[in-house]
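> I have a structure here, written as structure tokens, and I will follow up with some questions on it.
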Amino acid sequence: MNTGEMKINWVSRYMPLLNKIAEEYSREKPLSGFTVGMSIHLEAKTAYLAITLSKLGAKVVITGSNPLSTQDDVAEALRSKGITVYARRTHDESIYRENLMKVLDERPDFIIDDGGDLTVISHTEREEVLENLKGVSEETTTGVRRLKALEETGKLRVPVIAVNDSKMKYLFDNRYGTGQSTWDAIMRNTNLLVAGKNVVVAGYGWCGRGIALRAAGLGARVIVTEVDPVKAVEAIMDGFTVMPMKEAVKIADFVITASGNTDVLSKEDILSLKDGAVLANAGHFNVEIPVRVLEEIAVEKFEARPNVTGYTLENGKTVFLLAEGRLVNLAAGDGHPVEIMDLSFALQIFAVLYLLENHRKMSPKVYMLPDEIDERVARMKLDSLGVKIDELTEKQRRYLRSWQ
């Protein structure tokens, strides 16, 4: 048994929702005759999602959603199980794009996207794919933002379900998943102490909240930078310090970006960093930390540790960048905890099944996943934990419906 198969077997023990879905639908096989194209961080948990979809009858074609997040041993294990895989860990963007194209060559009926690349390419460079494409399920904040922008231009041609905007996704995956996995990656790759350090978190959305929460739990002094005044007030009320980035970088031991935006640090911010400061990105794309600026102002670049690049700046200070500025928890770690992704991937499967049943009456726009599916996943999770909750009485239901 290779390491990839061992990893998949391990996660399968801790994904009760996917196991339950496979048990419920494997005889009916509702996806029989349909192709699901996936662009997703290819590691053990996503591999198990692909396997579960295949148990529901789908032909699954999968590639990575980030050049550095594919785990080659897992990709090989998936191939051995009959899944079509076009992916390998690479620093070459052209190979990454080539693999996206290969997935689209299979003319998928449904796309499960992570960041929106497959969907955007199918609407721009590969429009023939749209003839067969029935709908898209998008996993990430970044991807949903891109596809809503596509919708606003009037160019979106298929219905999209924003799985990211489901409560059972963002309240758990974005917050607890990102919080734990980001710090797991930072600590395993630097071996540095967090307690007593100044941690700057750029962006206080659900991902930023999780990163800040776990940093505080590790004993750090947490500083949040924001452009949204409401989120800034939230961060203050949660007990964190808020200040502009240009001030925060002067005292930062760690800077972690989670804004979903570009160029979160300026050249001046980088030059103001302390000697030995560590930079990590928890956003989907490698645009939040301006690596090109680091390259321009560095007089020396060197590998300090695996996944850690040192840059000696023109002012004599050295700063360290993790995972080339890519998504640190996946490019330099194993991603979110297994049980968290069990929730998100249950939502993904139900999104595909919803599209299968309803795509003909859906317009080409971005939809929320229906509340009843969110609630179904929540109840499945409670059942897997053996937890019971109260139910409203009929009197209570009448009271909530009344206006007098």
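Glycine is no exception: its Cβ is also placed from the backbone N, Cα and C atoms.
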> For the substrate site, Swiss-Prot lists Glu139, Lys169, Asp173; sort out which one of Asp114, Asp117, Asp184 goes with them.
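Swiss-Prot lists Glu139, Lys169, Asp173 binding substrate, and from Asp114, Asp117, Asp184 it also lists Asp114.
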> Out of Asp114, Glu139, Asp173, Glu226, which of these binding-site residues shows the lowest number of other CB atoms within 10 Å of its CB?
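It is Glu226 that, of the binding-site residues Asp114, Glu139, Asp173, Glu226, has the fewest other Cβ atoms within 10 Å.
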> Between the binding-site residues Asp114, Glu139, Lys169, Asp173, which lies closest to His284 (NAD(+) binding site), Cα to Cα?
Asp114
> Report, in whole Å, the straight Cα-to-Cα distance of Lys169 (substrate binding site) from Thr142 (NAD(+) binding site).
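Between the Cα atoms of Thr142 (NAD(+) binding site) and Lys169 (substrate binding site), the distance comes to 14 Å.
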> Given the binding-site residues Gly203, Gly205, Cys207, which one's Cα is the least distant from that of Asp114 (substrate binding site)?
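Nearest by Cα distance to Asp114 (substrate binding site): Cys207.
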